[in-house]
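If you check Swiss-Prot, you get these features:
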ACT_SITE  270  active site, proton acceptor
BINDING   228  substrate binding site
BINDING   268, 285  Mg(2+) binding site
């Protein structure tokens, strides 16, 4: 498979792009974790930014819901943010202080689900702003990314508890220990094979877990690659960012890994998403947005 990578510099210096998603308008929307803005980039590379009302909010992960609204986590301010396509913001304060919300996804019930890193909880917010929090067995588990599984449950990584968690829309929780000790799971996604896939930022592996809890692990070729985010691909594969390896990588459902080097050194890639046209876009904390095009 041949690819090309283009990179677009964000207008504002030291904006710190982190999360990224495809909007209903076809553009890419991303969080500027350091710049305290939500950014938008179109297919030609034109970038606009929208300041977040709360100062130093620490915007991290971002999604676009079925109606087109953008939802994002505010790690520093313990809020969930909502933004319309025309730049109107609403912010919802979490009941728990210093919750550090991080991962976010839309649930099968139409609500938005998110993780609370600092207090070991999974949160749920309705489109009208009503918030419910579910406590995990270990309050120090550091839940990170979260995704919707094809079984209708929400699956999440527990970075400091070395487990993959599963929570139903009723709040019922199950946990599955990862074979590699202290693996540091972070990104998680529902794969094209129906299983749940996740990255191990310390274990340097990609993991796969079935709904029965059976886990397989695949070693990343580059040492200390520090994989971060992962998403399903278009050809029975998944793609993930290597924060330490400075690469965008592909893993097939059979576990074969291919790595592609980012042109900019120390780009610090984090969030990653696919556009409908098949291009893959990713956020680089070095103040750029990357675009990977598959040639063959």
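Cβ from N, Cα, C; glycine included.
The structure, with features from Swiss-Prot marked on it.
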residue	record	Cβ neighbours (10 Å)
228	substrate binding site	23
268	Mg(2+) binding site	21
270	active site, proton acceptor	25
285	Mg(2+) binding site	19
Inset, instruction - Sorry to bug you, but what's the C-alpha spacing from the residue listed as 'substrate binding site' to residue 268 (Mg(2+) binding site), rounded to the closest Å? - result: 10
Legend entry - C-alpha spacing of residue 270 (active site, proton acceptor) relative to residue 285 (Mg(2+) binding site), in angstrom: 7
Legend entry - Between residue 228 (substrate binding site) and the residue listed as 'active site, proton acceptor', the C-alpha gap once rounded to whole angstrom: 6
Legend entry - Three-state secondary structure, residue 268 (Mg(2+) binding site) (per DSSP): coil
